[in-house]
Amino acid sequence: MNWWQRHLVGILIVGLIVVATLNVLGGSRWYELSALWQPMHSLLGKVIWTMRVPRLLASVMVGALLAMSGLLLQTVSHNPIADPSILGINAGANLALIVGGVLGVGMSIFNTVWLSLVGAGLAFLVVMSLAMSRHGIAPLRLILGGTVFSGFISCISYAISVMTNTTEQYRNLLVGGFSSSTYGQVVLLAIVLVIVIVTAACFQSGLTLLAMDATSTRGLGVSTGILWSIAASLIVLATAASVAVGGNIGFVGLGIPQLIQAIRPGSFKQNVWVTLLGGSVFMTTADLIAKATVPGVELPMAALSALFGGCLLFMMVVFDRRVIQV
């Protein structure tokens, strides 16, 4: 294990602190570091503490949740390119929120959560049903079925928003972003993140075994049914909460676990905490780029994450034999 691998956690923590500070100070207008100590009742204090800080906290936690959901999905499906956005889980949660809004359901924090959960859960069940074969989950069917289903659901979402003239109203859902994040949403994300982290910590040894094939786990006398259900519940919960707050942001669950695996190869148990940190660093950096690159214009988070994920996926297809074998 080289120096980078041994100190990866520390590097990511320092990186997160630096990027988080820049995220709060940066944007369409940059502030000096002293702005962080301005009184909350001042104009500058209100900008920092009521707009930029909740946005920062939301991006940190959404990044961690999406990275975790991707790692879990790749573990249970034995597929290195599995990702909630590729498999339509994001799109399912997104569609449920748009349909709920069009039907007049109030977009309170509680309503956005249960709508996202229903949409993400149904999408997950549909895609897994498409991927099932006599020998378990077929990796190729999982990716092909998920990609087609995701595209279909996304088209329905856009069509509904266009036909009901609500495209601008649901812009954050469609293209992703944290510009409207609130402390209420931050509390929601914190609760979900704690649930995911505690559950993953309690079952990390068992979840690691899900990366093995069915024959090996049976030989060890491990009942994977309960573990698989726990992993599926965490995937749906993490993805639903992320979409409810950040919108349809994809490829984070694909890119971050694979980058961590490339830097420090290891099992789920060995890399789960590093993956959480990596997701937070990436999402915080992407949010800073989105709001600070073009003055007065906020770039869509979905496009930035897709650019990153698309480049990484291309490199994986070219250089990673596991992807070719899928």
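Backbone N, Cα and C atoms are what each Cβ position is placed from, and that goes for glycine too.
Straight from TrEMBL, the features:
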type	residues	note
TRANSMEM	7-31	transmembrane segment
TRANSMEM	51-73	transmembrane segment
TRANSMEM	85-107	transmembrane segment
TRANSMEM	113-130	transmembrane segment
TRANSMEM	142-163	transmembrane segment
TRANSMEM	183-207	transmembrane segment
TRANSMEM	219-237	transmembrane segment
TRANSMEM	302-319	transmembrane segment
For the transmembrane segment (183-207) and the transmembrane segment (85-107), decide whether they are in contact, meaning at least 3 CB pairs lie under 8 A, counting pairs 6 or more apart in sequence.
no
Which sequence-distant residues neighbour the transmembrane segment (7-31)? Criterion: at least 6 residues beyond either end, Cβ under 8 Å.
44, 48, 52-53, 55-56, 59-60, 260, 263-264, 273-274, 277-278, 280-281, 284-285, 287-288, 291-292, 295-296
